[in-house]
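First comes the structure, then the notes that go with it.
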Amino acid sequence: MNQTSLSPSNYWHPTNQPNLNPFTTSPTAFNPIKSLRFNNQNLLVLRSALNPSSQPPPVVVVGSANADIYVEIDRLPKDGETISAKTGITLPGGKGANQACCAAKLSHPTYFVGQIGDDAHGSLVADALREGGVRLDYLAVVPAAPTGHAVVMLQASGQNSIVIVGGANVTFWPERLPLRHLEVVSSAGIVLLQREIPDFVNVQVAKAARNAGVPVIFDAGGLDAPIPQELLDFVDIFSPNESELGRLTGLPTESFEEITQAAVKCHKLGVKQVLVKLGAKGSALFIEGEEPIQQPAIFAKTVIDTTGAGDTFTAAFAVALTEGKSKKECLRFAAAAASLCVQVKGAIPSMPDRKSVLELLNHH
């Protein structure tokens, strides 16, 4: 893979976009960092700039940004079959962008580190992130690659099947991440990673976070391939759904007992905490040496689209954890957010705000 360094001019500059609202309209906005110079005390300088006394440490999401091309169908096509879709629409998404937008909509300061192409899909994603309150200081524009995109086949039942085209998410990442990227990681309250960007990028980020004492949540969604041990060594919380857990461990995950054994195998790989998303069956957190913490699903009135529900759950859990809630409270907060997510079509458009989550929790 050809990786090239990206100059500062390749980064998204929202202040140069006349059609965009300023960051100050968002309740999660930070004051911009102006003329910040890095020196031997750069970490302390950056922490001070990012985290004034009135601001909690930010959530930093490093990951993918996609345009999700939705087609509504009655059923999946059979081999060799062509079927007609009822409707088609393009919406912003990508696991990294989803998680960043969710965290920001939950009124927590959030930075997104990722790459988009210099195209309409890239503008669509960047606009959605900014409107959700996400800081885009570390969003790179890669002219030589298209924005990543995904074809989401949404069935009448609300279930979906997805085909991903990596684009800028998987190409032209610098072999060594810029210092400024690693500094914002080191300043975070928590870092979120997924598998829709190259492993070598995730490894660098996870190492930087570990060296700074910043916890890392690694979502298993994305690439269906073995996870490098070098990456797992720097992950604090591993977060698969039950099917991902089964594929990655090679173990069955039909029953809770089987899921528990698969989580134990993850513990043996060095991951002390395994956060498993179980869909309609809720979720469970397996901490090595402790009893599992289970959280039942908070059922939605109507399931419209499950796309982004897992990302909403992971991001909401991260926000609650950063704010000092107990693990049980984090699971409950995440369950409420995911319940609201599935009631709206699209990934980023379906991310709930904090008020809605708290209101739902007050009724459960």
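Every residue gets a Cβ built from N, Cα and C, even glycine.
The feature domain 'Carbohydrate kinase PfkB' is assigned by TrEMBL to 59-353. In the predicted model, the domain 'Carbohydrate kinase PfkB' (59-353) shows an average pLDDT of 94.
Positions annotated as substrate binding site by TrEMBL: N66, A67, D68, G94, K95, G96, A97, N98, E196, D311.
Within its own chain, A280 (ATP binding site) has A297, F299 as residues 6 or more apart in sequence whose C-beta sits under 8 angstroms from its own. Residues or ranges marked as ATP binding site by TrEMBL: N241, K277, L278, G279, A280, K281, G282, G310, D311.
Just so you know, the Cβ of D305 (K(+) binding site) picks up 23 other Cβ atoms within 10 Å once every protein chain is counted. Residues annotated as K(+) binding site in TrEMBL: D305, T307, C341, V344, G346, S350.
The active site, proton acceptor annotation in TrEMBL covers D311. The Cβ of D311 (ATP binding site) has K95, N98, Q99, C102, D219, G221, A347 as same-chain neighbours under 8 Å, each 6 or more residues away in sequence.
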List the other residues in this chain whose Cβ sits within 8 Å of the Cβ centroid of the substrate site residues N66, A67, D68, G94, K95, G96, A97, N98, E196, D311, in sequence order.
G63, S64, A65, P92, G93, V125, G148, A150, A347, I348
Test of understanding: give the count of other CB atoms lying within 10 angstroms of the CB of N241 (ATP binding site).
19
Relative to the Cβ position of C341 (K(+) binding site), how many further Cβ atoms are located within 10 Å?
28
Using CB atoms and a 10 A radius, I'd like the single residue among the binding-site residues G282, G346 with the highest neighbour count.
G346
Should any of the binding-site residues N241, L278, G282, C341, V344, S350 have a Cα within 10 Å of the Cα of D68 (substrate binding site), which are they?
none
Could you tell me the C-alpha distance between E196 (substrate binding site) and T307 (K(+) binding site) in angstrom, no decimals?
15
Rounded to a whole number, how many Å is the Cα of T307 (K(+) binding site) away from the Cα of G282 (ATP binding site)?
16
